[in-house]
Amino acid sequence: MSVLFKNIAILAGTHSPDTIRKGPLKGAALAHLPVIENAWLLTDDNTIRDFGPMSEMPPDIHAGQVIDASGRILMPAWCDSHTHLVFAASRESEFIDKIKGLSYAEIAAKGGGILNSANRLNAMPEEELYQLAKERLNKAIKLGTGAIEVKSGYGLTVEGELKMLRVIKRLKATSPIPVKASFLGAHTYPLAYRDNHEGYLQLIEEEMLPVIASENLADYIDVFCETGFFSPEETERICRAGMQYGLQPKIHANQLNLSKGVEIGVALNALSVDHLETMDDAAIQCLAGSDTIGTLLPTAAFFLGMAFQPARQLIDAGCAIALASDFNPGSSPSYNMNLVVAMSCIRMKMQPEEAINAATLNGAFAMDVGDITGSITRGKLANLVLTQPVPSLAFLPYSFGNNLIERVMIAGQFV
Ligand SMILES: N=CN[C@@H](CCC(=O)O)C(=O)O
Ligand SMILES: [Zn+2]
């Protein structure tokens, strides 16, 4: 079916094919969000067919449905390039511990955190895990998410990790939006290997990765490179093991400490290094001189009460920045990308245009779908967000916490 949107107050994110070909928006280019005011857009089947200013709309357009978008913004759906959407149970008891003053690291050290999620996940049948994940994904789509990356990392056993990745593979097959999978077996050391790191690294290399590759269960290799989790040397070893199977690194770096994750990610040509709460000048310069995307996860910093990522310094240094939700039960129990964008403006001093680009086009590039989604470009997927009537683009992050989305279109269909 084709849908014609008419009288769109602001059609935002109309990046040209030339811009898309150049890859992620870096530095000052991030502030350039092309818009057409008083515009029309036509979808055809699952794609964006054409668009332009109302004054130039061809008189003979035929569409199955016509929408009057007066006063509204039409823009690309969010591209959430970092989530842990597959998990068995929420962890609000740890939330209480955090309120009482325990840190993320202290909760992890007493057997909570990722290990808590791993115990619950290993006990849950695959079908139930899939149903829970599918429900969450559908809710995220209704909030405007039109492409998503999902990680394993709550199994930490051969069976558990494969179970998670098989769930993600089913989501890929059944979800209306693009889904990418990252293998995060190196999320933390399971208790059984606490004093035998070599044994767990070998388990990943010899028992997990070969099966993952043969069943085509992952697109990326991820490691939590952090003090108390995986050292820089261990991170590099696991990334290289994944790379032998064609998995590009996309790693957790510099969340709690200057972990060297950024430097390792850049050296290994990682697609992205994610978190970046804790950065020094060397790490910022290293990222700026690379093609690796820095994915900022402000809701995780917010939830853990940490300093926010230094978005301004990163952008001013010339880095390519994406924004993602980090949706997970421990450090970011929200998949709301609208909130991520608002928080990035309010707390990281990003301009609304920068935040929208980072959460759409650059997010798409951070999961290799920049050629099919993340902007209003002819031939791309019609994955679109139509807002309620709003006075301006800046109103979206300004009016934080309010749901301003009226309709979401995925592959040309309203959801
Ligand atoms: N930092 C490591 N991993 C997740 C949190 C996982 C958890 O606490 O369950 C993150 O990206 O924030
Ligand atoms: Zn994460």
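Think of each number as a place in line: the chain as shown, counted from 1.
Using N, Cα and C of the backbone, Cβ positions are placed for all residues, glycine too.
Note that TrEMBL annotation is computational and uncurated.
Within 10 Å of the C-beta of His84 (Zn(2+) binding site) there are 25 other C-beta atoms, taking all protein chains into account. Annotation note: His84 (Zn(2+) binding site) sits in a coil segment as assigned by DSSP. Here TrEMBL flags His82, His84, His252, Asp326 as Zn(2+) binding site.
In sequence order, His82, Thr83, His84, Asp274, His275, Leu297, Thr299, Ala300, Ser332 are the residues of the chain that are 6 or more apart from Asp326 (Zn(2+) binding site) and have a CB within less than 8 Å of its CB. What TrEMBL lists as Fe(3+) binding site is His82, His84, His252, Asp326.
Within the same chain, residues at least six positions away from Ser331 (4-imidazolone-5-propanoate binding site) with a Cβ under 8 Å of its Cβ are Tyr104, Ala300, Phe303, Leu304. Per TrEMBL, 4-imidazolone-5-propanoate binding site is recorded for Arg91, Tyr154, His187, Gln255, Ser331.
Positions annotated as N-formimidoyl-L-glutamate binding site by TrEMBL: Tyr154, Asn328, Gly330. In the structure as shown, the Cβ atom of Asn328 (N-formimidoyl-L-glutamate binding site) sits within 10 Å of 25 other Cβ atoms.
Here TrEMBL flags 73-415 as domain 'Amidohydrolase-related'.
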Would you mind giving the whole-number mean pLDDT across the domain 'Amidohydrolase-related' (73-415)?
97
Sorted by sequence, non-His82, His84, His252, Asp326 residues with Cβ within 8 Å of centre, Zn(2+):
Thr83, Lys151, Asp274, His275, Leu297, Ala300, Ala324, Phe327, Asn328, Ser332
By a simple count, how many Cβ atoms lie within 10 Å of the Cβ of Arg91 (4-imidazolone-5-propanoate binding site), its own Cβ left out?
22
Given the binding-site residues His252, Asn328, Gly330, which lie close to His187 (4-imidazolone-5-propanoate binding site), meaning Cα to Cα within 10 A?
His252
